[in-house]
Each structure stands twice: as structure tokens, then as C-alpha cells.
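Below is one structure, written out as C-alpha cells, with a few remarks after it.
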Amino acid sequence: DTTAGPDTTSAPQPTTPTGLCGFIRRQPLPEDNLNALNFTLSNFTVERWCAREPEFKQFLAQSVSDRCFGNGSCGVESGIPEVFIFPGFPVVNSPLLVRFYVRLQVNSSVSVVLERTVLTSILDRVLENLTAEFGVQFSVDGGFTEWSPFGPCSTSCGPGIQVRFRNCTNPPPINNGSDCVGPRNETRPCNNGSCPIDGNFTQWEIWSGCSVTCGKGVQRRFRSCTKPPPSNGGQDCIGDRLETRECLKPPCPVDGNFTEWGAWSKCSQTCENGTQVRFRSCTNPPPAFGGRDCMGPTNETRACNDGPCPGRLYPHGLLANDNLLPNRDAFSNFCGRINLFNQEIPFFIRRHRRVYICRNGMLKFRRSAIIRYPQRFPGPRNEDFLFRFRNSYIIAPYWLTISDDAFEQPINTSKVFYRIYSKFSRRDRDVLDRANHDVRRFQTSVPQFEAQWVLVVTWLQLYPPTFPGVRLSNSFQVVLITDGQHTFSLFNYPENGIQWSTPTGRLFPNLYPPGSGLPVAGYNAGDRNLPFFNLPNSGTVNIQNIDQMMGNTNLTGVWFFRLEMNSILSLAGKKCNEWSRQRTSRISPTLPPCPCLFGQATLDKRYFVDYNQTVSKRGNGTICAYSLPSGSRRWVQQCCYTDLPSGGKVLSSSPPESGGPYLIALPGSPVISDADGHEFCCSSSQCSLYYRLRPPRSCFGYTLRRRGLIFGDPHFTTLDNTTYTFNGLGEYTIVAIDDEAFEMQARTARTSGRGLGTAFSAAVAKERGTATVEARINQKAGDLEVLIAGKPFNISTITTTGTNIPDGNITLVRDSNGSITALFPSNIAFTFTDVEGTLAIAFEAPDDFKNRTKGLLGTWNDDPSDDFVTPDGTLVPADAAPRRIHYEFGLKWQINASQSLFTYSDLESPSTFVDLSYIPMFIDNITWVNDSFRYEAVKACGNNTQCLFDAAVTEDTSYGINTKKLEDNNNEINKELANFPPKILGPKVINATIGQAIEVKITAEHNSSDFFVFTVNNLPDVIILANTSRYLLIRWTPTSLQKVEPVFIVTDSHNSSSELRPLILLCPCANGSRCIDDEEVSNQRNKGFSFLLLSCTCPAGLTGQYCQHKIDACVENNQPCFPGVKCTDVSSSSNGTRYQCDPCPKGYSGNGSICEDIDECSDANVSKCDHSCINLPGSYVCDCNQGFSLEGDGTSCKDINECLISNDCMQNCTNLPGGRTCSCLDGFQIDPKDQTACVPISRCDTFKVGCQQVCVMDRGQPKCACHKGYSLNADGRTCDDINECTTHRHKCSQICHNLDGSYTCSCQPGFNLSPDQTTCEDIDECGLINEAHCEGSLEICINTMGSFRCECQDGFHRVNDTCQESLPSTNGPTGTTGIVASSVSIALTIKDADLHEWQARLSRMFMDAVAKVVVDYCKGNANGNCYGNAVIAKRYTRSISGTSLVARVHILNDFPETRDANLLVAFYVMLSTNQGEVYVMNKDSLLRALQESQTELSWAIKKEISEIRALKVDDESPTPYETREDGLEMIWLLVGVSVAVAVPLMIVIVILYREYRRIAKQRRKTNNFDLRQWSGARERTIYSGFTNSKSARL
């Protein structure tokens, strides 16, 4: 067995005696035995082995060493291999057996055994060599490894086997060694217990019976896991043990069940007994197949918001500290002006600073004149096709014509109260909170709204013009709320606050058609294409119900509107106002004046120049400088400089570019900064507000600043500009001001080079009340150090805008070149700069310190001769030699320890920096190290002595060049600081008038210049009258309205310039009109405009923006005459108005402008009525007592024979004056329960006699009779029903329904049955509370008998079911394309006519005549082609016959035109049918109709009409708008055009209304009104349900 390993017992035991070879064998350790190897030698004797054993050991040790330490595979980095033979070996067998191991001697005390695997590997590589070396084959037989553990059992259950293994690798056979002998694996039996048995299902059982007897049920069947069941851990069956299937039986009854309650609805009221409703339904499930219904209610109601409502009105009156609009007569013609001062109100795209409160129920923002007679917004069009109120900014909660006399009554006086509430007043908090609450709940888009101010205006007890005859009054309120960005208004109408809309109160409402001066409620934005709004029923009688109507707030009598559009503009205005109200916006403390020149600002150390406009932005070319803050104050002076046309910059002193006091904003502060305040105010027309709080500052008071400099090896430039050199070594007083307790000291140190010069290495300064500021060069690090109060300061924290040192009461500033300046409270500046390791020091002070300085910078008094004064007052001459200046002046200012301000280390004092042996080089005796360096220095310095001196002392020409640069720079600085611009003198405002010459003189002043050059730029049409060295005189004649911005520039002999940019106020007014600086001009001025066109106040008879047109004074004065009274433009009138009103209509008294109704009923001689008299506006009507009718003369009353009309007596009827009486036949008497019925006096047995209804004893004989409502038949016994409806025995005004023995009455749609149960009364749909039928602000609801219609207000017509201004382009149902007005228009000429006549009378006559001709033509030509392009049409073609037709005439824009002495008129016609169709009339048909009726048309207008033709291109107007829409409809539509015409028509209407009110009409109602408010260009109301409503609208 040749194995080697841990099983030592298997190795052959030694058979040779110990020490066979005579060697002493080392006793092996256990680890040696584990790692030993055996090898065999064939044909090798013991003796031979013994002889060569040492050689073997040496060979093997060398092999181990070579292979082990070469690749580090032995586990140690180094060692000495030693081969050991086991004791008793070799064993004498055949072959010879040797056992050995190898140890590695790591050091003297440590050896380790070589692992067997490593030894085997080595031996495998060297055996062949070993064989060759010893001449005999060395072989290693293979050896088994240990047995591995037995593996797992071969089966998981039941009997199995386990296997274990060993390998012949311990070692493997080497060099033909023998393989291992023996098995390589062993097995043994194993058993893991019984095997599991998986379960299996049985067969399914049969299905069970159905689980229910009705409806849907289930059947079931089962199976089990028992074939076989699972055992010994076997798996259970996989699958269902139960199966179900649906089975159907007859349906079962299903009882209904409620769903869950739905959510509660929105509360019906925001306060005071609101309700909420929630619902559920019986659908969970619904009852079915005979099941029971749900038991219980389907809805529930609960109370909500049961708290009391605040009154509809905000606090008002004297108890609310309101102001009372004075009752003076002036306020009957003018509105009271309320100035808002610093506040503004955004109103759509404009902002206003004043509000006009008018006693007749409106607020205005421009012009104080009262508009007496209301008209719906936007008002009618004028002759220029412009709406009347296009320039009127109006809020009208209830604009009406009132009695001015009621303001003078001692009791029940009309009053107008007003008050402004401010956010900044504690007393106003309650009203502000209420306003904020209202805005947030009615306008949810601004949940954080905070009002800045609120205006509350309350009108109380306004009476109609018929006061005191009519004592009904109106009270209402408007609330304006704004935060500066958003504006809202509330219209509040208290309960029973609105009692009248007509002069007759609530009597005879039908006498007042829409538009006849009735109250208007809404608003008008005042600019073309901006919103206007009319409340429902505005301008109609039914506006009087506004206090009972639900407003758009869901509250009765409360309406809410948003009144602005431009949020960006408004936001700026809001922020400007917020800024102005901050406490930080208060007037600033005294601040320094601005430097006069931009160069001074850049050099004055007290100012920071914001080149990049990082602080506050101005216009292009403008740069601002800021004074540095002092101490803890945040106020600084802002100075802004604008570009000059000729180059350079000049101080701006006019908005919006100018500066002013400026408050530095605190980081994170919520307040608005001054920079933002300027931007907000000047972008929202409020620049003046900003500059009122931040007034611009000129350079007046800016004084000369003088700069002294010490630099180089040291050279001094005194404050009187004397330059000398003093290179002492030590510490010296540079400048001292005793009364200000200011002193600056400096320290010198030797310069490099020859050691003959010094330079400043440190400086220190202090003022009374401040810390010391010390600067020094760190000699080790070579950089600049700063100490404040003796402590190092981090200079990286010093900024260019100034770093305040609160504890030191100083400000430090870093320049862009690295210089650091210390600013003291006295405005003294101390600047130090590191120049290549030396300090350059500058002292700068205002000229307040003249005659107060001493020290090495001399005495500042502008006299260089006395600069060298010693501390004891000795004067050294200014021309003294440098040596004398050094010893007799400079060294005298050396300081000692008691005087020093410096900071020293423990071993330092002033004497530390003094060397008594030091003798400097003097500047008058410069010596050079050699000529070549001298030549180099002269080349670099030129003749600059200071430069040459410093180069010679330091042996460095760059040092000298730096000295030269510092000196030159200081000279330039002093020159710039001393340079002041000329003062230009001229007008700041130039008032000019177009076409008129004006002369302007410009002069200048300067204290050191007597020569000036004047120029003027940007001024056309200018004539230079004189241009001398002292003044400029020009003449300017403005010839156009082109903007000019002149700039006057004056330049002095020092090339300094100033400019004057006057504000140009140009008056463009023509025809002697007057220019005014109104709100519009003020807004432009506030924006900083430098050229403004003034507004014009036109004298009577002129109009236009510049009063360039003559106008009708009637138009100018808002049609001042009483409605229906003709207004005539006259050159003059007795009252100076330039218009004249015709006399008041019959029935009125007054001056034609104000007409009061005459009560004819008060004088029986006038009215002559038989019975009673009813007074009407302008007239009266007689009325008769019941039972009488009015005769044709209108005054007499005639008895009505009731027995002939609707006789309701059962038997006999007798007519009486004013009535009738019923009586009975013999045997009957009047029924006490019914005075028209008869009952038997004596009854008999009806059964015996055989009577069907009644048996009566007549003269002792029984007779049959009938009840009321029946008639006795011919058989004398039976009764038949009398049909009262066919026999005219009923009193129904409309529909009669016969009943058995009686009848009932009913009404057609649109009527209600009156309490008498017979009469039908018309429903006024337009007056129904909270039920509007016409949509939008442009429609007016017109009540008709039994129905209503919706009409577009004047100036609009219906297109595509909406009211629009102009002819539409549509793609209607018929597929028509867009319509151009000119393509369907006719032109004709009216001879000998002008525009005045057209406006006064011809327009109405002409359009009425054309409308009549068109209707007659189309009716008479039923099959003709009248209908052209469809605007609103059916899908089929139909005939006109049997159709009501309305024609409307539309005049094109810019027509009529005046041509010679004639008028050219262009127009088209629109046709409306009662079928809801709207057409543009066919042009050919229109032309034919007019040509056939040319004579009729001429007769109708009393002017000759000629040249009727289709509109040609040459005739066309540039824009296809129409000017009006009038038509010939039913005659009553014309009522209200003129009071004079209207009065008799009103009387007829009253009579007809009373006589024929039973006539019914079928009505078609539109959908409910849905209030919409737009903020777009023009309100466009959108309709729904057109198919159901078009007939009613037309």
C-alpha cells in the first residue's frame, strides 16, 4: 500500500533497524505525519540509498525552494526547506519504500510543515529529474482520500440505499506509481417509512331539487374524496366538491325599496329661513310582480341659514355718519363731485379719481351734467351711427326722472347720502368686513379679496315728477367696492323700496311703452366695444318690481356685478395704492442732494452707481446712483441720469425717469419696495402719487468735494492741490479736524531696493462716535487687512453697495478695483488701496471742512502757500527745499503712543516703526544705480519727478509708473469733482396752441463760465430768432398734432452740459373753443408723458374731439326737451343754451324742457265727465259707473240694458239704471240664496204628480217646473239642461263650459280667471316676479293680450335669434352664405334735403313710407320673390299669403350723404313673418316695389325722390353697418314716439283695453331668463329653445 496521508497505520512499518543508515531521525509531529509522502525505488539497495540520502534531501529541498518561493504557493514568503525521513525508513522491501516530509524554517524560532498537496505538486514536476539524477525510477503510488459521508436515501419513502465515495488522489499515482487498490464507493440500505397515498374523487351525485319555489334558484350536487382517501401524507383531491346551477321558477313578487338619501341641495337662501331638499327613489329595487310599493316620503326638507339677514341696505344716513348731498338747486342740473384723492377706482379699462353722484339715481365718472331722461344702455344711435352713451361711464342702480321739488320738502324729503369707507380706518372695519364677505360669496374667483375702500351711496324717497299728486317714493342703494385691482358693485333694493316707475305710480301701466323715459337700471362701460348691461325690465314699467325680484345673488332685491376687465393694469394700480398706504411710504428724512453730473456720482464715495439697474429699473439710457446708507437708517437718495442727445448723461428731474428719496427694503419684508412702487404707480397712471411721496431731488445744495492723496514713496497731494514728497519712517498725522474730532494717521515702512525710501504700510482713521477703521498690509501674506475697533474684519463681506457697521457707526464700500472706502457720519471718506504691497490713501471731504484741516495734507483753504503748518503753528514756506520740508514740517507730525490710533501687538509701539539712523533720498537729489537704469526710468516716466524718484529708490520702474498713474488719476478726480454744469433757465411747461406762434427764451448761469452754446433738438417748425453766448430765443408755430419732445441743451466752456425737457401742453381746439386739463390729460401727465394734447370744452353749437364740427345743441345737451317735444338748434336763446324746446304738449305745463302734467279732472268745466274722471299724463279719460257705458263723445254715460246682454235671470229680467233685477212667475219667489233663481212658494209631491224635478202649486193646481239651468219639456213633466254656452246666457269673457244645470268659465293661455269666476284678465308675463321671458341685456319684453314678445332695443335687430348691431353673416338652415349689406341695398336721391332735415323729421317719415310700400307690395304679390337671403328661415319654401309681415328699413353706415343740395340714401329691408322667419328682402323685388311707388313715396315725405337704383360701388359706404331698425307694424307700436301723438292714442287704448280685454291670444313663452354678465367687447345674449319662442319674440 503506497498511500500517504493521515492514516499512518496503513503505511508499511519499518523493518530495518533504527539508524540503519546511521542517521538520527527526527521524531515527526502529528502535522508532519498528516502531510508526509511515500515513494518507492525499484532495484535500489539500502546501502545505495544511505549513500545518496543527503543528496536526495538536498535535491528535494532545492526543488521546493525553487518552486515554492518563486510563485508564493507555499503560504510563506520565505524560508529554508528541510527534508525529513521518518524513523525506521527506508523499509527494506522490493521495491525500497521511503517516507518523508518537508518543513520550512521561516526564522530561528518558527518552522512550518509543507502541505501535502503542495509537496505532491512539486514532486510531480521533479520526479523525472530525480529519476535521471539517481539513475533509478522514483515512483509514488496513489493513495485514497477519506470516505465521504453517506449520501441521501435513494427513495423518499420505502426501502432504498445510501452511497459514499473516496478518490485516489491522496496522492495520485506519480511517475508510474501504482493505482489505489480497493473500492471507491460503498453502499448501505435505508428506509424512510411508508409512502403517501393521494386521494381521488368519487362520481358526482344526482342534482338536488331547486332551492326556491319562485324566481331564480339553485340546484346542487356533491362528490367526495374517498376513492381512495389520502393517507400517509398523500395529497388531497384537487377540485370542487360542490357544483351549483341556476334553476328558474315563476317570478316572485318584489317589494320596492328606497335608495339612499341624496345629498342636500344648496340652501335656497343665504340667510333667514332658507330650505334644503334631498331626495330618494323607490328603485332599490322598484316594486315588481305584484310586490309592495315603498312606504314613506321621497323627499325631505330641512331649514338652513335660519339666521336673520342683514338688511339689504348697508348702513346709511346721519346715524351712519354719512355725508348728505346738498339740496341746492344746482344739483337738479349737475351731479355732486366726490374726489377720491390718493385712491382710484378701476372701471373696466379705465381708472378714475372722482365720482359724480347724481340725485336721479346714477353715478358717473365723467362730466357733472345730469342726464335727465333715462334711456336703456348703450342708448340710441346718433347720425354718426354711434351710441349715445359711448363716452359715458355710468353706474345706474335706478336712473329715473324725479321731482326736484321733493328735495325741498320739510317732511318726507328726498335725500341722497354717501360715505367712503377706508381699509385704513378702524371705524370703518364693520362695513369693510361686510363688503369683503359679499365679494367672496358672490365672486368666488377672488376668495382672498380685501377691499381698500368702499363707497356707499343711498337714495331715499325719490318722488315722481307728479309729486305731490303721486306720493309714492323710491329708495335704493349702490355699493362700490374695490381693492385697487378689482371693482365690484352691489345694487340694493329694500323691500317695498321701489314703489313707482311711471309718473302715475302703478296706475295705467299700458300707457307707457318701453323706452318712453322709464327708469333704467344697469351700467355702461363708456367705450366702444366694451360691456353695458341692463337689468331685466330696465326701461319698462315692470322695472318697479325689481325690489321683489331675485337678483343674480340668489337674494331678493340684491344684484352684484364685476366692473373691471384689465387685471394687469388694475393690479398695478392696486399695488401702487397699497404701496402709498404703507407706513414706509412716509416722507423721508433729510438726505444729501444729488451730484450734478454723472461723473461726480461715479467719483463721489458717498454714492453707489447701479450700472446694471439691479435696484430699480428705469428707461433705456437711464442709470441711477444711490447715496450709501448711514448707520441703521434705510433711507438713501436716488439720483437718476439720462442720456444727452449730444452724448454724456444729465441729471433727470422729471417723472418717470427721475429719482428721489428711496427706502431700502428689508429682506423678506412683506411691504412693497420703492422699486416696485415706482413701477406699479408709473404703469397705472399714478406716477404723480409716487413722486408726491418721493419728490425728485435736484443737485441744488451739492457742494464741492476735495480729495487729498498720499501715494508711492510717499508723495502727498494736499487738499489745496500742492504735491510734495516726504518719505519719513514712522507713524504720522495725515489730517486732523479738531472740532469734528476726526483724525487720520498713517505708518510707513522701508521700500525694497536701495533702502533709501519708504511707503505707507498702514493707516487708521476715527471720528467722534465711531469705531476706528484700520487698514494695513500684511507683510507675511502680502495682502490687505482691515480692522474695526482693533478687531480683524472679513473684507470679503464688504459690498459695492455698502456694508453698514452698526456698532462702529460707519459704512464700508468696496470699489470695482478693490479699493475700500470708510464713510463716516460727517460725509468724510477714507479710501485705501493695495498697490503692489503698499498703501495708497485718499481723504475726501465736502467743502464744509474748509479752513478746518491740519496735518500732512495741509490746510484746506484754497491757498497752497500755507499748506506746511506744523503742530505748533509754524509755517514752512511752500517753496522750501525737500530736505527742509522733511525735517521742519513732516517729522513734526510724527505721533507718540498717547496720540496713536493704531492697534499694536504686545511688543509693539510707535517707536517700533522708527529708525533714527535712517536717512532718505530727497527728491531734489535723485541718484541712480547706473546710467542704463536711469535711461530706462526716464523712458518710462518721462519728466514726472515722482515717478523717477520712486523708480530710483526702489530700483523698479513699474513702481514709478504706478505712482504716475495714481497722481494722474487723482488730478482727474479732483477736476471732475470740481466741475459743475451750467444752470439752464427756461419754462418747464410750454403752453402752445395749434397754428399760433409762441416765443421761448432759454438762458444759463455758471459761476466760472461766461460763454455758453445753446442747441434745441426735436422741435419742428422752429425759427431761431437769436442764439448768442448768453441766451437762445426761438419762435415755434405748431402746425400739426404730431408729438414733439423738444430738448434744450446748454454747454459751458468746461464742456459740461445741462438740458431742459419742458412739458408740451398743446391746445388743439378749433373755432375758439377752450382747452382744459381734464382727467384724461391728468392721467397722461401722471404716466410721465412729455407731450400732451389738452382736451377741449366746446362752446354751444360745436362738437368733435377738437370742436371742429358744428353740432346740434339738442344732441350736445342729451336731448334736453321733454319726450315728444321738438328741440331746435338755434344760434342763441334766452337762456343761453343754443337750443330751444317747443311748448309742452297739450295737457302739460312748463318750458318745454320740464313739463308737468295738468290735472284736467280737478276742473269739472274742463273734463265735463258725466260720472268720474281719471287723470292721465297729458290728458284724462271719463269713466262711467257700473252698469253704464261711455258714449261716443267720451264724456256721456249711457245705461247698459243687462237684460239684453248675458241675461242670467232664471225667469223674468227687468232693466234698471246701472243694473237689472230678476223676478219670478206666479207661484215662485226669489231664492234667498241666489237672487237670479226662483223657487216654488208652495210645493207639491213630485212623485205623485210625476214631475222630474220640481212640483209647484199654481192656483191650487199642481204643476211641474225645473231647477235653474233646466227647461221644461213639451210633456210638461221632464226637464232638459239649458246650454248656457250656446244660448248666450253665460257671463264668461272667454271660454264657457256647459255643465248639467250650470256652466263654468275658463281662460285661454295667457289669461287668468278673475275672482268673479267669469272674467279673464291678461297675464302680464313681462311683469311676473322672478320669471323673465326675454334673455339678455339687449331685449325688451313687450306684453300683449294673452302673450308677449321680445324686441331688440333701439339700434339692434334680431339675427340668428340674438340682438345684434349689424347685418350678420350666417350659414343658416337654408345653406345661405354670408351677406354683405351693400349687395342687397338700394340707393336713391331725395332732392332739396339736408342732414338737418333728415335728422329732424325725414328719417322717420322715409323709413315708415318704405316699410309700408314693401308690405303692400309683398302682400299684393304673394307669388313674387320678396324673400331673398334667409337670416332665420324654415327649411321649406312657403307663400306670403296668410302671413303677418313686418318690414324693417336699415340705413347703411355713412349714409345719407350730402351731394350738391340733395341727399343720397342707401338702405336694405329685412322682412319678418309670424312664423319666425327673418329674411333680407330680394334686391330686385325691393327695387321694383320702390320704382312702382315712387310717387307715393315722394308724397309721403313731401320731397321729390329720384334715381332709385341698386347700390353701386361708387355709392358704397366703407363699412357695412346699418344705423337703425324701424318698421311698420301694428299701429300701437308707434305709441310713445311723441307725447302729442300719444295722448289720444292712450285714451283709445284705455277704452279698447276695457272693452276688449276678454279677447284671448295663444302665447308661446320662452325659457326662463338666465342672467349673464360678460366682460368681453359687446354683450351677446345666447338664447335657448328658439323653436318654441321665435313667434313670441317677433
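Using the three backbone atoms N, Cα and C, a Cβ is placed for every residue, glycine included.
Record features, source Swiss-Prot:
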{"type": "TOPO_DOM", "residues": "1-1530", "note": "topological domain 'Extracellular'"}
{"type": "DOMAIN", "residues": "141-196", "note": "domain 'TSP type-1 1'"}
{"type": "DISULFID", "residues": "Cys168-Cys180", "note": "disulfide bond"}
{"type": "DOMAIN", "residues": "198-253", "note": "domain 'TSP type-1 2'"}
{"type": "DISULFID", "residues": "Cys214-Cys252", "note": "disulfide bond"}
{"type": "DISULFID", "residues": "Cys225-Cys237", "note": "disulfide bond"}
{"type": "DOMAIN", "residues": "255-310", "note": "domain 'TSP type-1 3'"}
{"type": "DISULFID", "residues": "Cys267-Cys304", "note": "disulfide bond"}
{"type": "DISULFID", "residues": "Cys271-Cys309", "note": "disulfide bond"}
{"type": "DOMAIN", "residues": "400-566", "note": "domain 'NIDO'"}
{"type": "DOMAIN", "residues": "568-706", "note": "domain 'AMOP'"}
{"type": "DOMAIN", "residues": "706-901", "note": "domain 'VWFD'"}
{"type": "DOMAIN", "residues": "1063-1108", "note": "domain 'EGF-like 1'"}
{"type": "DISULFID", "residues": "Cys1069-Cys1096", "note": "disulfide bond"}
{"type": "DISULFID", "residues": "Cys1098-Cys1107", "note": "disulfide bond"}
{"type": "DOMAIN", "residues": "1110-1156", "note": "domain 'EGF-like 2'"}
{"type": "DISULFID", "residues": "Cys1114-Cys1127", "note": "disulfide bond"}
{"type": "DISULFID", "residues": "Cys1144-Cys1155", "note": "disulfide bond"}
{"type": "DOMAIN", "residues": "1157-1191", "note": "domain 'EGF-like 3'"}
{"type": "DISULFID", "residues": "Cys1169-Cys1182", "note": "disulfide bond"}
{"type": "DOMAIN", "residues": "1281-1321", "note": "domain 'EGF-like 4'"}
{"type": "DISULFID", "residues": "Cys1285-Cys1296", "note": "disulfide bond"}
{"type": "DISULFID", "residues": "Cys1307-Cys1320", "note": "disulfide bond"}
{"type": "DOMAIN", "residues": "1322-1364", "note": "domain 'EGF-like 5'"}
{"type": "TRANSMEM", "residues": "1531-1551", "note": "transmembrane segment"}
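Counting Cβ atoms from all protein chains shown, Cys1320 (disulfide bond) has 23 others lying within 10 Å of its own Cβ. Counting only residues at least six positions away in the same chain, the Cβ atoms of Cys1067, Pro1068, Cys1069, Ser1073, Arg1074, Cys1075, Ile1076, Gln1105, Tyr1106, Cys1107 sit under 8 Å from the Cβ of Cys1096 (disulfide bond). In this structure, Cys1114 (disulfide bond) is part of a helix by DSSP. A Cα-Cα distance of 43 Å separates Cys1127 (disulfide bond) from Cys1320 (disulfide bond). Checking each of the disulfide-bonded residues Cys180, Cys225, Cys304, Cys1285, Cys1296 against Cys214 (disulfide bond) by C-alpha distance, the shortest gap belongs to Cys225.
In the predicted model, the domain 'NIDO' (400-566) shows an average pLDDT of 88.
Looking at 400-566, 1157-1191, 1322-1364, the range that has the most CB pairs within less than 8 A of the domain 'TSP type-1 3' (255-310) turns out to be 400-566. Touching of the domain 'NIDO' (400-566) and the domain 'EGF-like 3' (1157-1191) is concluded from the presence of at least three CB pairs under 8 A, sequence neighbours closer than 6 excluded. Cys1127 (disulfide bond) carries a strand DSSP state (E or B).
Among the listed disulfide-bonded residues, namely Cys225, Cys1069, Cys1098, Cys1285, Cys1307, the Cβ with the most fellow Cβ atoms inside 10 Å is that of Cys1069. A 10 Å cutoff on Cβ-Cβ distances gives Cys1169 (disulfide bond) a total of 21 other Cβ atoms nearby, all chains included.
The Cβ of Cys168 (disulfide bond) has 19 other Cβ atoms within 10 Å, all protein chains considered. Each residue contributes its Cα atom, and for Cys1182 (disulfide bond) and Cys1144 (disulfide bond) these two points are 23 Å apart. DSSP assignment over the domain 'TSP type-1 1' (141-196) gives 0 helix, 15 strand, 41 coil. The secondary structure of Cys1144 (disulfide bond), as reduced to three states from DSSP, is coil rather than helix or strand. Taken residue by residue with DSSP, Cys1096 (disulfide bond) is part of a strand. Taking the Cβ of Cys267 (disulfide bond) as reference, residues of its chain lying under 8 Å away and at least six apart in sequence are, in sequence order, Gly274, Thr275, Gln276, Cys304, Asn305. Here the CA atom of Cys252 (disulfide bond) lies 38 Å from the CA atom of Cys225 (disulfide bond). Between the C-alpha atoms of Cys1098 (disulfide bond) and Cys1114 (disulfide bond), the distance comes to 14 Å. Cα-Cα distance from Cys1169 (disulfide bond) to Cys180 (disulfide bond): 159 Å (rounded to the nearest whole number). Using DSSP to sort the residues of the domain 'EGF-like 5' (1322-1364) gives these counts of helix, strand and coil: 3 helix, 19 strand, 21 coil. Secondary structure of the domain 'EGF-like 4' (1281-1321), assigned with DSSP and counted as helix (H, G, I), strand (E, B) and coil, comes to 0 helix, 16 strand, 25 coil.
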